[in-house]
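> From TrEMBL, here are the annotated features:
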- ASP67: active site, proton acceptor (ACT_SITE)
- HIS63, HIS65, HIS140, ASP211: Zn(2+) 1 binding site (BINDING)
- ASP67, HIS68, ASP211, HIS269: Zn(2+) 2 binding site (BINDING)
- 19-211: domain 'Metallo-beta-lactamase' (DOMAIN)
Amino acid sequence: MIELTFLGTSAGVPTRHRNVSGLALRPEQSGGWLLFDCGEATQHQIMKSTLSLFRLERIFITHLHGDHVYGLFGLLASRGMLMCETPLEIYGPPGLKEMLESVMRLSQLHLPFEVKTRELNGTERLEFGSYRIEPVPMSHSITCYGYAFIEKDRPGKLDRDKAAELGIPEGPMLGRLKAGEPVLLPNGRIIEPVEVLSLPRPGRRILIGGDNDRPERFSPYSGADLLIHEATYTQKDFDRLPRKFKHTTALQLGCAAKKMKMKALAATHFSARYDTAHRMDEIEKEIRECYKGTLYLASDLMQIEL
């Protein structure tokens, strides 16, 4: 299964119950995990979870506003203090490399592992074995990317009864067939995977939004298994703001998710004003005006398994 852990679900500033942005994703059958955004104190949230900095493989930053990136420097320093030597890949918008190098230089941060930083332009297809990541340009006050996590199609399920009928012994041969490889039996017969596997299972698609006032930017991925997206305000509160910020309202998100036929929706990045159950009910009510599918209102350390 794919495991998601929300490390921070507040917008702009932390509250008593919510930290600022951070999301962990553990791909299926992977000992490692990915981090999307790293707001201040993200490493504290990691310590409250089952995640390990030794297993962290890649970080994807959506944009360079502080509530999404200020925790990165402390996390790197702590990973270094733990004497982790595994290289760490960090992806994000233009300016990320300069920000990292400046802080590391001025604070004389010397790490025992290599930091591989790559600035994106929004057109890449980043291939990583069993999955790929595609940056999706968002609509915000500075350059911002959402990310599409796209799992490759998985082999079908093994029919053990059929395998036994064909004389395939328990052990490595079954593993090779499950991996999509043909095997040679002692009697000289070649068994193809299609003989003992069901049809391939489509890879899952998870969409992770950065700050964004146009959720329809994810429309090329309509029908995705899960959309994780900000719902910073209710529409009612947003309409009363003297200054309009480039964020999505709960009503706007629900209607966009319905139009894009998202199988499930996780709302996050809530303004600090929604720090009570009553106020969160207002968020849910607005989303439900349009969207009737599976809905999660994210909270810190909440997990979703797909």
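Yeah, the Cβs are placed from backbone N, Cα and C, and that goes for glycine too.
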> Which are the residues of the chain, ASP67, HIS68, ASP211, HIS269 excluded, whose CB is within 8 A of where the CB atoms of the Zn(2+) 2 site average out, their centroid?
ALA11, GLY12, VAL20, SER21, ASP37, GLY39, THR62, HIS63, HIS65, GLY210, GLU230
> Provide, as an integer number of angstrom, the distance between the C-alpha atoms of HIS68 (Zn(2+) 2 binding site) and ASP211 (Zn(2+) 1 binding site).
9
> Cβ within 8 angstroms of the Cβ centroid of HIS63, HIS65, HIS140, ASP211: which residues besides those meet this for the Zn(2+) 1 site?
THR62, LEU64, HIS68, MET138, SER141, ILE142, CYS144, GLY210, ASN212, LYS246
> Out of ASP67, ASP211, which of the recorded positions is least crowded by other Cβ atoms within 10 Å?
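Ranked by other Cβ atoms within 10 Å, the recorded positions ASP67, ASP211 bottom out at ASP67.
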> Any idea which of the binding-site residues HIS63, HIS68, HIS140 has the thinnest Cβ neighbourhood at 10 Å?
HIS140
> Output the one of HIS65, HIS269 that, of all these binding-site residues, has the highest number of other Cβ atoms within 10 Å of its Cβ.
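Of the binding-site residues HIS65, HIS269, the highest Cβ count within 10 Å belongs to HIS269.
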> Out of HIS63, HIS65, HIS140, ASP211, give those binding-site residues positioned within 10 angstroms of HIS269 (Zn(2+) 2 binding site), comparing C-alpha atoms, in sequence order.
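Passing the 10 Å Cα cut: ASP211.
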> What does DSSP say about ASP67 (active site, proton acceptor): helix, strand or coil?
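Where ASP67 (active site, proton acceptor) sits, the three-state DSSP reduction gives helix.
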> Give me the Cα-Cα distance between HIS140 (Zn(2+) 1 binding site) and the residue listed as 'active site, proton acceptor', rounded to a whole Å.
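For HIS140 (Zn(2+) 1 binding site) versus the residue listed as 'active site, proton acceptor', the Cα atoms are 14 Å apart.
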